[in-house]
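Chemist: Feature list, courtesy of Swiss-Prot:
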type: ACT_SITE; residues: Glu140; note: active site, proton donor
type: DISULFID; residues: Cys28-Cys43; note: disulfide bond
type: DISULFID; residues: Cys37-Cys49; note: disulfide bond
type: DISULFID; residues: Cys42-Cys56; note: disulfide bond
type: DISULFID; residues: Cys60-Cys64; note: disulfide bond
type: DISULFID; residues: Cys96-Cys158; note: disulfide bond
type: DISULFID; residues: Cys170-Cys178; note: disulfide bond
type: DISULFID; residues: Cys277-Cys309; note: disulfide bond
type: DOMAIN; residues: 26-66; note: domain 'Chitin-binding type-1'
type: SIGNAL; residues: 1-25; note: signal peptide
Amino acid sequence: MVYCTASLPLLLLLLVGLLAGEAFAEQCGRQAGGALCPGGLCCSQFGWCGSTSDYCGPTCQSQCGGVTPSPGGGVASLISQSVFNQMLKHRNDAACQAKGFYTYNAFIAAANSFNGFASVGDTATRKREIAAFLAQTSHETTGGWATAPDGPYAWGYCFLKEQGNPPDYCVPTAQWPCAPGKKYYGRGPIQISYNYNYGPAGRAIGYDLINNPDAVATDPVISFKTALWFWMTPQSPKPSCHNVITGRWTPSAADRAAGRLPGYGVITNIINGGIECGKGFNDKVADRIGFYKRYCDLLGVSYGSNLDCYNQRSFGVSTNPLAASS
């Protein structure tokens, strides 16, 4: 005889959904287009919001830190404005496209709206997450070069949007149809691209980015929120960057076979592994590590292990030799 192992609260929730029919759809996660739960609640594997272990446990999809506030007053208690300015020392340089846009207050407001960000684990873990987030996004927006004043890792957040004449980055989908005349090229700290990312990001933060993608380059809080949405949200088969840096991700046997072990390097793999990882040493990965080490030093925390992805297969490359022909 086979017994159902689902917990009673989730069974009751599913039963209510069945009785309510179309009026009671899943609330979050992949079942709801990547939506986040209100009030920082955890999103269960089934797409429901809650704060108990049924929702926030190992199978949780997003905001898995629960609703317990971090000790000491949130993100601002972990990184001061002076340290933030020292990290992003040249972001307001006259030569930087984003001059005056990326402010400390905008970062703090956006960060505090994502429950779980920099609030999981001890103080060192929380600071390390801030360092990792700002490092990865600094690489995406860097204006530095090898001989730049104060070094190449003092020039993060110099750029705001993709340069040149970028395409519209529109991949028509039923769920996220592109708006007429709108382009979904890279904008903001993570350089969010494509309608299928703008759509769920906007839904998660409560703003229509399909019809207003330029908001990512005109409203600094929205801009930071899109990057934090990407950071906090797993996109199968990839874990979230948040879960990796806070130690909540446990690699599978396939991950281990692919060289994907817990550490900063897996975050690089999540963000751009198909281009940068599994190819030996390359300057882009080294640049991401350089930012990270500098920021960890400024925050007074250790780096952890497995910083690079030089020998990691990307999440899009199978370890199964038959996969390519299947």
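Every residue, even glycine, has its Cβ placed from backbone N, Cα and C.
Keep in mind that this is a model prediction, so the values were computed, not measured.
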Chemist: Does anything in the same chain, at least 6 positions from Cys43 (disulfide bond), have a Cβ under 8 Å from its Cβ, and if so what?
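Modeler: Those within reach of Cys43 (disulfide bond), by Cβ under 8 Å and sequence separation of 6 or more, are Gln27, Cys28, Gly29, Leu36, Cys37, Cys49, Tyr55, Cys60, Gln61, Ser62, Gln63.
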Chemist: Tell me, by DSSP, whether Cys49 (disulfide bond) is helix, strand or coil?
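Modeler: The residue in question, Cys49 (disulfide bond), is strand (DSSP, three-state).
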Chemist: If one measures from the C-alpha of Cys170 (disulfide bond) to the C-alpha of Cys309 (disulfide bond), what distance in angstrom results, rounded to a whole number?
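Modeler: Cα-Cα, rounded: 30 Å.
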Chemist: Let me know the DSSP-derived helix, strand or coil state of the residue listed as 'active site, proton donor', please.
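Modeler: SS state of the residue listed as 'active site, proton donor' = helix.
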Chemist: In terms of Cα spacing, which of the disulfide-bonded residues Cys64, Cys96, Cys158, Cys309 are within 10 angstroms of Cys56 (disulfide bond)?
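Modeler: Within 10 Å of Cys56 (disulfide bond): Cys64.
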Chemist: With H, G and I counted as helix, E and B as strand and the rest as coil, say where DSSP puts Cys56 (disulfide bond).
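Modeler: Helix, per DSSP.
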Chemist: Look at the disulfide-bonded residues Cys49, Cys178, Cys309 and tell me which residue has the greatest number of other C-beta atoms within 10 angstroms of its C-beta.
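Modeler: Sorting the candidates by Cβ neighbours within 10 Å, the top entry is Cys309.
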Chemist: How many whole Å apart are the CA atoms of Cys277 (disulfide bond) and the residue listed as 'active site, proton donor'?
Modeler: 16
